[in-house]
Structures are given as structure tokens and as C-alpha cells.
Amino acid sequence: MTTGSLLAADLVIAVLAAAAWLGGGAASAARRRPLALGLAAVALLATLARAITITALARAGWWFAAEKVLIAAPLSLAAVGIAGPRLLRAPGDIRAVAVPLLFAGYATSSALLVTILHGYPASAGAGLLAVAGVVAATVISGRALGAHLPRTVSRVALVVAVAALLTGTGLTVAPGAAPAVPHDHGSPAARIADEPTRRFTLTAGTATVDVGGRNVAAWAFNGQVPGPELTATVGDVVEVTLRNRDIGRGVTVHWHGYDVPNDQDGVPGVTQAAVRPGQEFVYRFRADQAGTYWYHTHSASDVGVRMGLYGVLVVRPGPATGLDVTVPVHTLAGRPLPAPKVEQVEAGLPVRLRLINTDSTTHRYAVAGTAFRVAAIDGVDLRGPTPLVDTAVLIPAGGRYDLVFDAPATPVALFVDGRAVYSTGPVSTATGAWPVLDPLGYGATAPVPWSRFDKTFTLVLDRGLDLRRLLPRYAHTVNGAADPDIPPQVVRRGDVVRFTIVNRSQIVHPWHLHGHHVLVLARDGKPATGSPLWLDSFDVRPGEVWEVAFRADNPGMWANHCHNLAHADAGMTLHLMYS
Ligand code: C2O
Ligand code: CU
């Protein structure tokens, strides 16, 4: 069982336990004896079952088992300890166990609330607040049911409530005010003379595009989705004039995965001002990394990219050989865009499929009918990739995989999420059951170039209440805060920097640092054993812990965010800043 499914199971059981306790309490208050006893039995079992899921989570190395052990477990134990014996004695008047059952319901619900709302790190204040809430709710229910509650109960309630307030409840953390992001607008692109220059113009505008025979509203570069494919040869200078015809939310171009100088990075409010309707901006950088990349707007990026403001950037080391095609996968208005037409290839010719995931969620790709190798991930060649057969690859949001093979004489097909997007003939293979490649163990290993780290940062990705502003909001958080309240990570040029990225939430977070590729060191405490993996986009699944590192060699102010762009917009964005 993966940590993700354990977490889901634990959550379901916790909800079931809370609901059954509360239901049992309500049923006994209504003197529905069989129903009350039935629900209470379910609740008892569910509460005890959580001991198993919590232990399993702790053993799976889940970082946050402590908070369950410190807060949820004692409350659940109290619930069983108080309600259980009364039930067994099951008095003639079932109504007498209503308050203990309700108490158990409040205890399990409040433990659940702490888990869902409070987030990391767990604090004594949160624990006390939860206990105070439980006692208060029990006292109120007791009064309402006319039950006789011992005086000590109210006294305990008072003491706990005061203690919760005094410890600051852990909820009113002092705002770690983030320094203002410099608005260094319009710094002219460095002029690079005497080099072959590839010039392009991208005009952003609203458009109507045909998706599988249906006209849908889109935002497009040059009227097409995806935008034009930009290609260059290593050593070229790329010069792109961006114009905005009528996109009211503004437009920029971010070169995803391309480690350009900071003032070319295209992040509005950080490296430039958004280009408004009628305005233009010129990007200029040298194409010195070969590989598969893409570009997209970073202004209102969630809606902007989803609506179609993106395209492919491919930099080749020299003239393409054989068949060399890009396959950007994108969902527009809820439908997958058709893959570009690919011509037939002569058997024996080399084929390179550059798979690009431009959506906000992971896609599963499978090539049927031939063995293949993964030549590159995120634009960087792998070391010693071995042939794979009947194996699928998962590409995170924003990620790229280059698959290579020699065209066989028999048909080949590419499947995305089980759907054939391209085929040279009938291939009857069910790819759904294929194993998935783990890139951390693929290819030939090489030593990590650093043995010590100048800076280490931990990023805990979560969903929770961000209470750092006047109005609390339920956000996607990093270390308990949401953009713009997450303090930046400050490094010095030349530092070797290590990130520990931990996913405490129930959903995948595809992590993406601008301006740098990071080297994967380990996942869940297990060192990577395959080819060095230099990534710019990687999925941190629920419960996972990733260790990655990079050398700070590209000064500036860089976005560092989740590439599920809805999450990025809802708080999951911070910045890496050079001092
Ligand atoms: Cu492709 Cu800041 O993102
Ligand atoms: Cu995310």
C-alpha cells in the first residue's frame, strides 16, 4: 500500500468513526436502542482500526505521524475509554449513554479537524484547543439532554480553554513577513552580438479553435493552440517579440525548464511587468542547452496556460536525424487536443518522440510495438539508458521525456492515459497493466558532485488554513503559509543548496524551480540509484519526501512553485532569492 492510499484509508476510517459515534449519540438520545448500539459498535471498531493505519503510516516513514499520535490518538483513546465501558454496561435506559457517545463523536471529529485544518507543524496550542472544543461541546450537549454532569467536567473545560488561549493556540503564528518582491521592470535584455539569431513573434489573443470537431474559446499565440513550435540550434540567439492583442489578464512568456538569465524569465511582478493589451516585450537569450522545453504565459498562469497560451521550445545540437517530433499533450475545454500528424517512417530510421505534459496533472504514456529508451528527461540526457519493453512512463505536469527507438517494420503506437494518440498501424495491446518506469533507478549511476551543502531548506507542502492575514483562507500552503506570505529562500551565488520537499497533503504536487535544474538525491530516504536525474519538474506524491540539490549559479529572484497551476495560484508559490 502506498503512503497515499494509507492516508486515504486513514481519512475514510476517521470520518466513519466520527460519524458513527455522533450518530450513535443521536440515536440513543432518541431512545433508538438497536440503532444506537449498532452505530456504537461500528464506531468502536473504526476507532480501533485507526491504530493500525496510524502505525502503518509511521512505519512507512510518513513525516507527520507524530501529530496523529499526539493529538488524534489520545482523543480517540479517550473516546473509546469513556464510551466503551458505559456501552458494555448498557443500562436499561439507552439514553444514559448519549452523552458519552456524543463525547466520543466530538473527540474524533476534532482530531479530524486538527488534521485537516491546522496542518504542519502540530502545536500544543492546537491540541489544547481541540480538547477545549470537545469538552465545551460535551457540556453543552449534556445540558441540552438534561444529563447530570459532574462539576469537575466544567472545571476541566475552563482550565483547558484558558490554557489553549494562553499558548496562543498555535494558530496565531506571527507573520513571517516576506520581504517585498523587487519590481525591476523593463530591464533591457542583454544584447548579444555576432551570433546567429532566430527571431520569432508571438502575438497573444483570444481565438476560437477546433477541438475534435467542436469550436471552443481559447487564448492563443498566433491564433493556434499550441503556439508555434520554436526551434533553435545550440549556440543560436533566440529573440522573441511578444505582443498582446487583447488578453486582459496580461501575458508574459516563461521558458519552462530553460535556465535563462533572470530578466528573461517572464514572471510578472518578479522579473518584468505583465504585457498588457497593445504592449510588447522582447525576450533574448542564448540557446546553450540542447533539449525539449516549452514556453507558456506566467500571467494568470492557471487560466492562461489552460486556455492555450503555451508552445514547444526545442533546441537541437545539430540538424535533426530520422524522425524527430514533439508531442505536447494538453487538455482544452475538457478535451484532449489531437496530437500532430506524424508521417510514416522507413523501418530502421531513428525516431525521437519528445513528450511534453503541458497540463496541470500527471499523464501516463506508453509506447507499444517496440522497445525504446528514455534518452532525456526535462531536456537533460540520461546516462546509459537501457532498452525498455512494455513499460509506461509517468510525466509530471510541466515535465518532458524524450523516448528514442529505431522504427520497426511493424506498427508502433503511442498511448496517453490509455488513448492512442498516434499509431502507424493497428497495435492490439492493452497498455493499462504495464509497469511504470521509476526514473530514480533507470540508467547508469554516477557520484553526486557535492558532499556538503551550504544551505538546506525544508518545504512542507500542505493544504490548510493560512492565518497570516486578516481574513483566513483555505490555501495550498508551504510550511503553513501561502503566497505572498511564504518567506523567500535566500542563497548566495556559488552555494550548494539542498531542498527537502515533503508532501503532507492528499494530492500530488508537481514541483518546479525556475532558473535551475535540481539533481535528485533521494526519495523517501532511499538514494537515487540510476542515471543522475537533473529535473525541473517532479511529482511529489502524497506522503513522499524528496531530497534534491543544485548549485546556485544563476543569480536573481526565481519563482519556486507547484506546477499544478491552480495550486500555484492558490498559494503554493515561493521564491528563491540571491543575496
Ligand atoms: Cu512552467 Cu513557473 O512555470
Ligand atoms: Cu500542487
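Placed from the backbone N, Cα and C atoms, the Cβ positions cover glycine too.
In TrEMBL, annotation is done automatically, which means it is predicted and not curated.
Per TrEMBL, transmembrane segment is recorded for 6-23 (among others).
Sequence-distant contacts of the transmembrane segment (35-56) (same chain, at least 6 residues past either end, Cβ-Cβ under 8 Å): 1, 6, 9-10, 13-14, 16-17, 20-21, 23-25, 27-28, 65, 68-69, 72-73, 76, 79-80, 83-84, 87, 90, 94, 97, 101, 104-105, 108. The transmembrane segment feature in TrEMBL is assigned to 35-56 (among others).
Look at TrEMBL and you will find 62-84 (among others) tagged as transmembrane segment. Away from its own ends, the transmembrane segment (62-84) comes close to residues 3, 6-7, 10, 14, 17, 21, 40, 43-44, 47-48, 50-51, 54, 97, 100-101, 103-105, 107-108, 110-112, 114-115, 120-122, 126-127, 130-131, 134, 460, 502, 504, 543, 545 of its chain (Cβ-Cβ under 8 Å, at least six residues beyond either end).
Positions annotated as transmembrane segment by TrEMBL: 96-120 (among others).
The transmembrane segment annotation in TrEMBL covers 126-145 (among others).
Annotation source TrEMBL lists transmembrane segment at 157-178 (among others).
Taken from TrEMBL, the feature domain 'Plastocyanin-like' covers 211-317 (among others). Mean pLDDT, taken over the domain 'Plastocyanin-like' (211-317), works out to 96 on the 0 to 100 scale.
As annotated by TrEMBL, domain 'Plastocyanin-like' applies to 479-576 (among others).
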